[in-house]
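Chemist: Sharing a structure, written as structure tokens. Questions coming.
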Amino acid sequence: PARMGLPTLALLLAAELLHTQASPSARSFQLDYEHNCFRKDGAPFRYISGSIHYARVPRPAWRDRLLKMYMSGLSTVQVYVPWNYHETLPGVYDFTGNRDVEAFLDLTAELGLLVILRPGPYICAEWDMGGLPAWLLWKPDINLRTSNPAYLAAVDSWLHILLPKIKPRLYQQGGNIISVQVENEYGSYYACDYGYLRHLLGSFRALLGSEVLLFTTDSTRAEELRCGTLQGLYATVDFGPGSNVTEAFGAQRHVEPKGPLVNSEYYTGWLDYWGEAHASTSAAWVARGLEDMLQLGASINMQSLSLQLTTLSWPGADYKDQYKPVTTSYDYDAPLSEAGDPTEKLFAIRTVISKFQPLPIGPMPPATPKYAYGWVALQKVSAYSKGCTAPAQHCSTAQHPSLSLQYADFLNVLDVLCPSGPIQSQFPLTFEALKQAHGFMVYHTQLPWDVPDPATLGAPPHSICDRGYVMLQKEYQGTLERDGQTTLHVTGRAGDTLDILLENMGRISFGANTSDFKGLLGNLSLNSRPLSNWLIYPLAIDTAVQQGWPHTALPKSSSGGRVGPAFYTGTFETPGIAWDTFVKFPGWRKGLLWINGFNLGRYWTCRGPQQTLFVPGSVLHVGHPNNITLLELEGAPPTPLLLFLDRPLYNRTLGCSTMATE
């Protein structure tokens, strides 16, 4: 590899101010192959950047997180754009609220930060399906991330919506976006389709112009750099602390003999998977690797510097010999914590940066205030078995004194959760066949014959995607799981109801073909005899909760302790403040939590490592009650309580056996 630590380059970089301003007509951001550096407005330049995912940070916290990144000494932030977050259905776009990417980019400019944009179309980011919309799978034979015509047509349609919003914000146009990544780590994907990369290059050039710097990112493995790079796209690499920096950049030099050294993803931490230990990376180790790279004059993006929660719909999964779903929290052991708090690691990074360039004047903004709201009692939701013909959310004992109550185990409220009613099918259908992107579906049938002795209820290999909660005559029997238990023993009589509540745990975002279909992908059998005549309920739980269900129908008293899926509710008030908090689930097993209709995601305390869910203060009310809705999937504790803390909790893997009735 060519020599990379040129003293003259270091002197040039030290002399260049990181926030040089110039008139729009003079603005440029280019590669300098002769001096192995970037040039910004003609002067040598290197960036020190950190990743932030606007889709994972509540909009009220955007400014706080970006200001802390700026005060850390960063000149630049790297920003993913998840396609599926914005085009939720074909041709249906959402750029409002937390999805207002233009407002986020404008805020970065206001705070004096440059931007490296990663618009995909595939982004990975441990995000559902790597940012690709699930509706692409409505065409079962589509080949994602290839030159497949159906896929390219969808990509082109999306890019024609997104990139015109980006172009006015390019550095050359007077904005602050200095470079744009095309695809992401494509060399790790099986397809190795150069025609696809050429098509993307042509589309980006047509929509963004000839001046913008376009680049790729891949690991340092030779075969991945071979498939992930293309002439016309500047090739960068990614690697973490502990790597031999000279060897890692040597891999970049094999595909880019000249030009700036760039690590586009320097891993300051790592993600967590359900059922594995909480990942952590030492501050000293991260700081040492950063300093080694800066001494070589390299440009660096730290992945990830500021990250936060991922709500239920969006966590992805890796596939590494088996399906590995990502936890709700995307804390990543990042230098800025899930709650946006500066950590020891952030200050270690800041110290290293100060050796190479001046830091902004002023103090680091403090950690956000937290509050431990304490214990909150929950009650099991009741449904009304007679006396009210209106939908369940409109029934109450005050309105209808003659109502009788029964506890709302999950199957008793399907009329609320699936108001359009079920779909009939001889055999099970997938989420995609019914155009259900996320969440849950119920598969309902009946036992076709008497089963006096235990019979095996089973599924073909790899056909449970991803967890199925089995109920016979509305009694919970146990759980079938992808890459886990796929059989249960049951008894019953002909005509007994059999229901499987099927949970989508997140589509694969890395490590395999991203065509990750959900639901029952094969038929269930009883003692190897196929079951048929199914009613399938696509559930809209989020919609029901956001519309206020079930808080108009709270029971006066009820208890937990019964196994199987069921809803629980409760309320709590804030003492004149709405600060960030963390909720713990003592005795609960696995489920979902909403507060004031906001989906805070999945808990799975018996499997770990995540033991708490982060609750941003921005979702809480002051002056009137905060409504809690909880869906427990396997079994509530005898006394259903939640505990609100002022700090997160993690542990090592606990592991949980499948819970079943005696």
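Just so you know, glycine gets a Cβ as well, placed from its N, Cα and C.
Straight from TrEMBL, here's the annotation block:
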ACT_SITE  Glu185  active site, proton donor
ACT_SITE  Glu265  active site, nucleophile
DOMAIN    38-355  domain 'Glycoside hydrolase 35 catalytic'
DOMAIN    428-539  domain 'Beta-galactosidase 1-like first all-beta'
DOMAIN    565-623  domain 'Beta-galactosidase galactose-binding'
SIGNAL    1-22  signal peptide
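I'd like to know what surrounds each of these features in this structure.
Modeler: On its own chain, Glu185 (active site, proton donor) has Cys124, Thr217, Asp218, Ser219, Glu224, Gly228, Asp238, Phe510 as residues at least 6 apart in sequence with a Cβ closer than 8 Å to its own Cβ.
Around the Cβ of Glu265 (active site, nucleophile), the number of neighbouring Cβ atoms within 10 Å comes to 23.
On the 0 to 100 pLDDT scale, the domain 'Beta-galactosidase 1-like first all-beta' (428-539) averages 96 in this prediction.
The domain 'Beta-galactosidase galactose-binding' (565-623): residue composition by secondary structure is 3 helix, 28 strand, 28 coil, according to DSSP.
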Chemist: In the domain 'Beta-galactosidase 1-like first all-beta' (428-539), how many residues does DSSP call helix, how many strand, and how many coil?
Modeler: 3 helix, 58 strand, 51 coil
